[in-house]
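Taken verbatim from Swiss-Prot:
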type: BINDING; residues: 10, 15, 16, 17, 97, 98, 99, 100; note: FMN binding site
């Protein structure tokens, strides 16, 4: 069965990014009712802290050294999470922007799955090479203010370039972003931004 992996990155089920994901998935399910939607809620998912054995496992792997038992167990968790990504034909990431970047749980997910031999490899002649096949990926990114006309005009959106580059590093370059913002302040701009995003999400769902 074809699969879409949804990385749900907000701790609030009624958040703007979560609501946008529901709009998209409603349309996606109508177009592809036979697809499996694998939801990975990063605030409820069992994820190892990127410390201790899993860090040592990463460096052992890079040096082609054998794992000890603790490293083997930790690396198995990274394999489990990376496999869920590699088995998905489509990826949806719904996330808020926090302090111009991404939530720490999403960064933790990247830190865990970006492992040598799992999602990238190193070649002395060519440098770092991705191991995942490219696949359509949609990022719904909600922010309190927009970065064109709102309070954050002129400030740097660090979430979008980070996500684009982190995904490209492991092989995923077919990435589209749908921003939702502003999500705070006067009601009219919020409603207008929401409707613009929802309209685009419904359209993307017809062909994604």
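The backbone N, Cα and C atoms fix where each Cβ goes, glycine too.
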For the FMN site made of 10, 15, 16, 17, 97, 98, 99, 100, how many Å separate the two farthest Cα atoms?
17
Validating a neighbour-count step here. Other CB atoms within 10 A of the CB of residue 97 (FMN binding site): how many?
24
Looking only at DSSP and grouping its letters into three states, which state does residue 100 (FMN binding site) belong to?
coil
Can you tell me how many other Cβ atoms are located within 10 Å of the Cβ belonging to residue 10 (FMN binding site)?
24
At a 10 A cut-off on CB-CB distances, which of the binding-site residues 15, 17, 99 has the highest count?
17
For residue 15 (FMN binding site), which of the three DSSP-derived states applies: helix, strand, or coil?
coil
Can you check what DSSP calls residue 10 (FMN binding site), collapsed to helix, strand or coil?
coil
CB within-chain contacts under 8 A for residue 16 (FMN binding site), separation at least 6:
96, 142, 180, 183, 194
